[in-house]
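Worksheet for the structure shown next.
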């Protein structure tokens, strides 16, 4: 604290002006710490004194090392020139300089700097008498530093102690910065949310107790069915609700990531990127259902991503072995040579050209380079030509093949003619129509006319590196480079490889999971990036910084325990009303965000950044085990040592052996190069050891060594590891890589990692990280849900059931995984419950004897708490109420159709061993430019429609019958009608999107819908008349 005093003249042994030390007591008084007691806080500078210089007092903390020396008056001499001094953190003032005393003067010099003054010191006081810091800094051009205020002698240096120049960098404190932060949900939202969950649990318990104790003796069958369904619904709600008790948000610091890994330092003098390598996988299988143009745009968005070019590698897995996909990727790499530098030059977002050029946002927004419009016009024309080439590839390949096959046929005929004495034999010449590449050679993959060694299930392995490993140093373009001016722009593109694994008859290739494991092995040989990002062919990178955002979590303190970073799935091309809940925001913004507060979100198949070492089946460096009924006891997990097969199979092992998922992987295959790459990937994936709290880290600068170019033996080894026989007698698919045995291999793979003690993180970025497409057609949507539900049923009946999880899985995380396997079975009770309103209206009875006040009270409490919970969930998750309602509607639609079919198919597979086959979900290619929502109105009949259509028709017929009976009865029982009608309308409201989907465009209902509706209505009516014939004794009409 600085206080002014009048200059004291004539004090022997002291300079004309002095620094006085004081401290503030707890009561607010200022106590002098100087030898003389003439401390004058009020000062008299306001009295108009002519002196331009004032003294000040520095308020020091009351610590022993800050006490002034007793002999403060021993200083001698005075300066002829006044100097200004900055105050320690708290303010400023003026000092008429002099040398400090012995001992104490040295401390004073260390704490303050002396500077020049001007004659405006008396004007630097504000009207209140306080020192005006802003005006003082402005008029004196002063600069505050860390701890002291400084006036620079020049721009970068200062006069230090003993004549040593000091740079401002010497005073800047650079603390260790975390790369991520955990943002908790406000207690004002979360506490009431948890309270309401408890209130609803109690209300459900009391309600079910009342229901059991008060049966409807007039209709015991109706009462029994309803009670069983309600108990299951309460159990299902608990499984879904309990994991939502601890939702959290997270944020990343990209600036801190750049400072740590890409700024020049002692270990990185050139400022090269010290970030670990990244391998990006894109999977495709059928170019007819997954258009090559969509896949090519995804590849282009990856090649243009904002990540160190020399550290990035991209792979596409073509599980169909199609020449069309191969040549489309070659065209994409060719176009990437101009598209990628264009994106870097003008900072384009998004970097998917189709999405960028179709965006309705002004493209010139925030663009300042004068050549942007010219460059954009040129690149747009290039992209249009690129699209035309991609669209023309099928015809081009067919013409080429016809030409080459005609030539080969002529050769075969000439050979046959020569063998037959110059006469063409009568029998037709046997000739196989091949598929030809552009260089005139046979395509080693699947041919258009399938034959041995050239079909989708029988072809050789293919690896083609289409873009070589980039140079370690930037390669800048020139003025005449590809017409555009790329001066000062890095024109390198990442490495890109086309991979199609070998397929042979007699081998189980394990669908997508097998293809992903082949990519894992091939990429380990070619690039061995310690981190892997997998994307579907229709999910492109919408945020070019997404990879850096994910890397913030992996490279942060404790990041070595993270197995994967799951990003939310966002979709384009969805109808504005989102009729079938395609956005699925309740799951991605609600459930997944809540799981992030436990052990982490589940893996959902795409948009996931993996740690390669975790995919190999190894354990995290540190893990915890949870014991007790609710997992309340937490203890560090012991490290499991690698055992030989003899030791593991020995009879001396205890009966209480470790959980199967806790065994370490051993059988990786016979590739030495692959085995040697495992410890390298583990080491390179460690976070930076730049702080004592970072465990299991690596030293800075360890990843600056440039990658070696690929040679022929390396590529040959990569081809060997994707052969169909490589996984024989190995643990691939059992403990290593993507796990086999389920249609939903993604959920099982993530579950196995969590079971070993790893944790995952949910990364929601401000700008969507990835975007993709989703089926908006009702039939396609139901088949997609059918696939997911069938996989869940398989999980429930397998060893991946969460009831059999290891002690390393948290209790609430176990509940979440248990819900994943159980939720399809809710469809059985849902279908029964949807028929109960109709049965109530048919029979004239209700699920209770009458509308009892206690029944209505419990129903009111349960409904209100559910509504309040939904509102609070909307608050902390950010979803809209309309999205929540769409999710509820589709839960009934999917539960009464796809989920029920999944349960039946799962039971058939378990009991009878009947395998389930699924077709690919069609990806929209955007060919219908007139109406992008044309698929929404397309009605494609499927057997999944039968059950929800039956529920719909039966409830409508029941409403008519129930209303007629009540109106024409002698003693109308309106309470029973209202009870049944209310629940019937509840069912119809949930099925409204389904009914709307059956209407097609402008009410064009397919004939089969009319047939089924009429058939169901007539059957139900006749059945009910035969069960309960009309009674005319009373002279009234009773239906």
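Any Cβ shown, glycine's included, is placed from N, Cα and C.
No curator has checked TrEMBL annotations; they are predicted automatically.
A 10 Å cutoff on Cβ-Cβ distances gives residue 319 (active site) a total of 22 other Cβ atoms nearby, all chains included. Summarising the annotation, TrEMBL assigns active site to 319 (among others).
Taking the Cβ of residue 746 (active site) as centre and 10 Å as the limit, one finds 24 other Cβ atoms among all the protein chains shown. Annotation comment: TrEMBL describes 746 (among others) as active site.
Cβ contacts within 10 Å of residue 290 (UDP-alpha-D-glucose binding site), excluding its own Cβ and spanning all protein chains shown: 23. Marked as UDP-alpha-D-glucose binding site by TrEMBL: 283, 289, 290, 319, 511.
Residue environment of residue 536 (Mn(2+) binding site) contains 24 other Cβ atoms, counted within 10 Å of its Cβ in all protein chains. The annotation Mn(2+) binding site is assigned in TrEMBL to 512, 536.
Summarising the annotation, TrEMBL assigns region 'Disordered' to 1-44 (among others).
The annotation region 'Disordered' is assigned in TrEMBL to 58-107 (among others).
Marked as transmembrane segment by TrEMBL: 816-842 (among others). Within its own chain, the transmembrane segment (816-842) is flanked in space by residues 222, 225-226, 228-229, 232-233, 236, 239-240, 243, 591, 595, 598, 602, 747, 751, 754, 789-790, 792-793, 795-796, 800-803, 805, 809, 892, 895-896, 899-900, 902-903, 906, 947, 951, 954-955, 957-959, 961-962, 976-977, 979-984, 986-987, 1024, 1028, which lie at least six positions past its ends and keep a Cβ under 8 Å from the stretch.
Distant neighbours of the transmembrane segment (854-872): 189, 192-193, 196-197, 199-200, 203-204, 206-207, 210, 214, 241, 848, 881, 884; these residues of the same chain sit at least 6 beyond its ends, with a Cβ under 8 Å from one of its Cβ atoms. Annotation comment: TrEMBL describes 854-872 (among others) as transmembrane segment.
As annotated by TrEMBL, transmembrane segment applies to 944-965 (among others).
Feature annotation from TrEMBL assigns transmembrane segment to 977-995 (among others).
Taken from TrEMBL, the feature transmembrane segment applies to 1007-1027 (among others).
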Exercise. Find, for the listed binding-site residues 511, 512, the residue with the lowest Cβ contact count at a 10 Å cut-off, counting only other Cβ atoms.
Key: 511
Quiz item: What are the non-local neighbours of residue 283 (UDP-alpha-D-glucose binding site), defined as same-chain residues 6+ apart in sequence with CB under 8 A from its CB?
Solution: 316, 317, 319, 512, 515, 516, 519, 534, 535, 536, 537
Quiz item: Rounded to the nearest angstrom, how far is the Cα of residue 746 (active site) from the Cα of residue 290 (UDP-alpha-D-glucose binding site)?
Solution: 20
Quiz item: Around residue 289 (UDP-alpha-D-glucose binding site), how many other CB atoms lie within 10 A of its CB?
Solution: 14
Quiz prompt | Where the record names 283, 289, 290, 319, 511 as binding UDP-alpha-D-glucose, the maximum Cα to Cα distance in Å | solution = 16
Practice problem: Take the C-alpha atoms of residue 289 (UDP-alpha-D-glucose binding site) and residue 746 (active site) and report the distance between them in angstrom, rounded. | Solution: 21
